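One structure below.
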Amino acid sequence: MRRMIPTSFSSKCQGVISMNALRCYVSEFISTFFFVLAAVGSVMASRKLMAGDVSGPFSVLIPAIANAFALSSSVYISWNVSGGHVNPAVTFGMAVAGRISVPTALFYWTSQMIASVMACLVLKVTVVEQVPIYKIAGEMTGFGASVLEGVLAFVLVYTVFTANDPRRGLPLAVGPIFIGFVAGANVLAAGPFSGGSMNPACAFGSAMIYGSFKNQAVYWVGPLLGGATAALVYDNVVVPAEDDRGSSTGDAVDV
């Protein structure tokens with residue numbers, strides 16, 4: 001069932017500062033912190049294992065596996081509390097689709113951004129090494145990288161919407177697994193080109209601790225537009241809310 005968004009300003013304010021809302025923000029912080037710690041930390045670990053080599057196949061394979069496992073786990077632990085967004089692009093898509101209010105989305109973003117910065121700070125302080133940032137391949141343009149990140153985010157957010165759809169009748173643990181799978185596949189596909197971020201918070205946190213925001217717009221504009229497009233396509237084109245399909249065979253419904 002989709003959440004009803006409050007219509008009055010006072011009810012919106014009450015909704016974003018309630019105890020239940022605070023639990024959601026804390027849940028997003030914890031899950032995002034864990035994901036960024038694993039995603040960025042895996043890049044640092046791969047470089048350590050390969051003596052600084054950033055061009056070998058394991059420099060992509062290790063982060064891809066870490067992204068898949070970490071995102072599956074992060075989404076699962078916050079699935080029943082905050083919805084397991086772990087990504088501003090997912091939150092943006094949910095807001096565009098009307099599943100959460102804009103004020104709530106802003107608080108989600110704040111929790112995710114702070115968590116990402118804290119995770120990267122922990123890595124820098126404990127490992128005593130500069131955290132890596134997402135970079136664009138030399139042969140790519142900023143526009144091309146933004147489009148690529150947008151397409152990756154579209155696939156990720158579309159998978160999230162599919163996994164969240166109660167009409168599919170999926171068990172609780174299945175959705176997060178497939179969300180992690182698609183994230184890992186995206187990193188394998190785009191790691192050498194744009195890093196396969198798909199997550200503005202992850203890109204922001206590493207850039208903040210690294211101290212460089214070069215090409216940061218690529219990791220915001222593309223994923224946010226991709227996430228919003230996925231939400232609109234899923235809710236209004238592919239599986240509209242009024243679609244009460246009686247069977248899984250694709251039979252048309254009488255109107």
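Using the three backbone atoms N, Cα and C, a Cβ is placed for every residue, glycine included.
Any TrEMBL annotation is an automated prediction that lacks curation.
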Transmembrane segment per TrEMBL: which of the ranges 101-124, 173-196 is that? 173-196
Maximum Cβ pairs under 8 Å to the transmembrane segment (217-234) among 29-46, 58-79, 140-161, 173-196 is reached by 140-161
Under an 8 Å Cβ to Cβ limit, what residues of the same chain, 6 or more beyond the ends of the transmembrane segment (140-161), are close to it? 85, 87, 89-90, 93, 97, 178-179, 182-183, 186, 189-190, 193-194, 196-198, 215, 217-219, 221-227, 229-231, 233-235
Give residue numbers and ranges for long-range contacts of the transmembrane segment (58-79): same chain, 6 or more residues beyond its ends, CB-CB under 8 A. 27-28, 30-32, 34-35, 37-39, 41-43, 45-47, 49-50, 85-86, 172-173, 175-177, 179-181, 183-185, 187-188, 191-192, 196
